[in-house]
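To start, the structure itself, in structure tokens.
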Number of protein chains: 2
Amino acid sequence: MKEFELINRYFKGRGITRRDVDLGIGDDCALVSVPENSQLAITTDTLVCGVHFFEDIPPRALGHRVLAVNLSDLAAMGAEPTWVSLALTLPSVDLEWLEAFTEGLHEIAEYYNVQVIGGDTTQGPLTITVCAKGIIPKGKALTRSGAKVGDWIFVTGPLGDAGLAIEARKQGLNITPENKQDVEKRFYFPTPRVAAGQVLRGLATSAIDVSDGLVADLGHILRKSNVNATVQVEKVPVSEAMKATLSEQERWPYVLSYGDDYELLFTVSDTNKSTLANKLKQYGVEAKCVGQILAGNGQLELTLRGQKFALPARGYEHFSNE
Amino acid sequence: MKEFELINRYFKGRGITRRDVDLGIGDDCALVSVPENSQLAITTDTLVCGVHFFEDIPPRALGHRVLAVNLSDLAAMGAEPTWVSLALTLPSVDLEWLEAFTEGLHEIAEYYNVQVIGGDTTQGPLTITVCAKGIIPKGKALTRSGAKVGDWIFVTGPLGDAGLAIEARKQGLNITPENKQDVEKRFYFPTPRVAAGQVLRGLATSAIDVSDGLVADLGHILRKSNVNATVQVEKVPVSEAMKATLSEQERWPYVLSYGDDYELLFTVSDTNKSTLANKLKQYGVEAKCVGQILAGNGQLELTLRGQKFALPARGYEHFSNE
């Protein structure tokens, strides 16, 4: 199958059609219109086979995941996702694989009202890069740099499940089939917190998505905002599957530093704390307060039931062995 | 070296700073402002090692090339390039290689006033995806679908040199060192026709960049515009290096169907023909008329000095063997 046929078959005329897309797939560029008084948010994430996913990942999950991780970055800015470009490098053309992959991709794209406006299909080792765009009312974006002393630190949902899914497979942990299914679903089909991100606008002081683990990602906020923080680790929400599978002591590396969960971590002033938590509840999001911002220059202190708590592990970083 | 250090060292604070970039590298997304009464043009191109370039390509050339091929797509729409996202997948961290690669990238970015606003650095087989964005006054974009019967077909410069560079290396053609250097420069450091593309606005009826060869790329215009065309192949411009290396008969596959030249191919009405050619000359671009648009449904006729001319070869297509 030739590149043009492949694009026509799996991408052109499929998925949703947004009114702000003036020209979609099929020319040298796509053309879109950005509404007045808006800013455009742009993010790019690559998934490499064998690095970011196992070779035998269900292709439908991969299609979902590659979009989800990008939409999660838009969510962390409070942006409304609009358009994505897809660069798909494939070792060969496997029609069944492509059908499932694009089904997963179009499914999540439709759910979030996102249009695939173009891309590039090339031959080579399986690698997928998405460049996602979204819009935000001017000046309303949530950055990593706005946390203030006294702000409370929240997380939108349980952490550690994606790591548990990966390690259950790698190490063969003692996990029930039901719990394995639960955490695998969170790893394969992560939910970008798109609505929550938009609710945070004007209320949260900073936000980030938890892709590298709570400790690493909160660290970005602390350094960018030039503040310290204290986190009571026992307050970090965990799933029933996590509780049933690992002892409290075993859990910490997953909960605090594994990443891949794609929950939002945000800070909010004492004044707006309850308003925001209630608004999120209306969207079905049970955000939990896990700590507070303190004066300082980027340091994070962890406590466990009032005692200092030390965790050596860090967020996942590419090339960190070199 | 860790991902964060790598990004700080080679990307953050380097290159130009545009006033329409509200937030650059270092947060979940970049934030940019699109001027009113403009459309945003978006394109993505991937280069895979061993498929789009030889493994020993000078890294400075690769940095140039990956941006150039994307800017060429923006040029073909008549867009003014503004921002790019870079997804860089590297097998390992080679500081010398990265220094040269980013030098090549920043050099061309600065020349065209383009800012690198973000990206993703991952570990894996060498693959580079750029997503480039540009702006166009509303309604002024050049598409593939506007060619009209009677329009003249132009190309902005000599074709076939990039193919000659590749085959000189693969086959060991009989080529002088000077000519080899000339064509290699065109392959390694292609010039996206950014200024020419903007000159075409409001004058050309359609445009495309020659990435897959004249026959294949003109074919896109013909099918999208639902017209036929005739091209006098002897009128297609070729370089001195090409003339000195290959006989006329040997040249045709390079000139007509090799691709990778990144000249613009465009159509213009009889009324605007001279105006446009003169305006391009002011920008140092000697566009050559190579044929004319005829009534029809997507067919291309080639002639050589008045006789029908047949060429079996086609533009380069990924997966075309499958």
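Here the Cβ of each residue, glycine as well, is placed from N, Cα and C on the backbone.
Going by TrEMBL, these are the annotated features:
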{"type": "DOMAIN", "residues": "A:26-136", "note": "domain 'PurM-like N-terminal'"}
{"type": "BINDING", "residues": "A:D28, A:D73, A:D209", "note": "Mg(2+) 3 binding site"}
{"type": "BINDING", "residues": "A:D28, A:T43, A:D73", "note": "Mg(2+) 4 binding site"}
{"type": "BINDING", "residues": "A:T44, A:D45, A:D120", "note": "Mg(2+) 1 binding site"}
{"type": "BINDING", "residues": "A:D45, A:D73", "note": "Mg(2+) 2 binding site"}
{"type": "BINDING", "residues": "A:H52, A:D260, A:Y316", "note": "substrate binding site"}
{"type": "BINDING", "residues": "A:G119, A:D120, A:R144, A:S211", "note": "ATP binding site"}
{"type": "DOMAIN", "residues": "A:148-297", "note": "domain 'PurM-like C-terminal'"}
{"type": "BINDING", "residues": "A:D212", "note": "Mg(2+) 5 binding site"}
Quick one: DSSP breakdown of the domain 'PurM-like C-terminal' (A:148-297) into helix, strand and coil?
71 helix, 27 strand, 52 coil
Simplified to three states, DSSP reports A:D73 (Mg(2+) 3 binding site) as helix
Which one is it, among the binding-site residues A:D73, A:G119, A:R144, A:D209, that lies nearest to A:D260 (substrate binding site) by Cα separation?
A:D209
Measuring CA to CA, name the entry from the binding-site residues A:D73, A:G119, A:D120, A:D209, A:D212 that ends up nearest A:H52 (substrate binding site).
A:D212
Just checking a number: largest C-alpha distance across A:G119, A:D120, A:R144, A:S211 for the ATP site, rounded to a whole Å.
32
Taking just the CA atoms, what is the gap between A:D73 (Mg(2+) 3 binding site) and A:R144 (ATP binding site) in Å?
12
Can you list which of the binding-site residues A:D120, A:S211, A:D212, A:D260 come closer than 8 Å to chain B, going by CB to CB distance?
A:D120
Can you name the residues of this chain that are 6 or more positions from A:R144 (ATP binding site) yet have a C-beta less than 8 Å from its C-beta?
A:S206, A:A207, A:I208, A:H220, A:I221, A:K224, A:S225
Among A:T43, A:T44, A:S211, the binding-site residues in question, whose Cβ has the most other Cβ atoms within 10 Å in this structure?
A:T43
For a quick check of understanding: among the binding-site residues A:D45, A:D73, A:D120, A:D260, which residue's Cβ has the most other Cβ atoms within 10 Å?
A:D73
Restricting to the same chain and to sequence separations of six or more, state which residues have a Cβ under 8 Å from that of A:D209 (Mg(2+) 3 binding site).
A:S72, A:D73, A:A75, A:A76, A:P192, A:R193, A:D217, A:Y262, A:E263, A:L264, A:L265
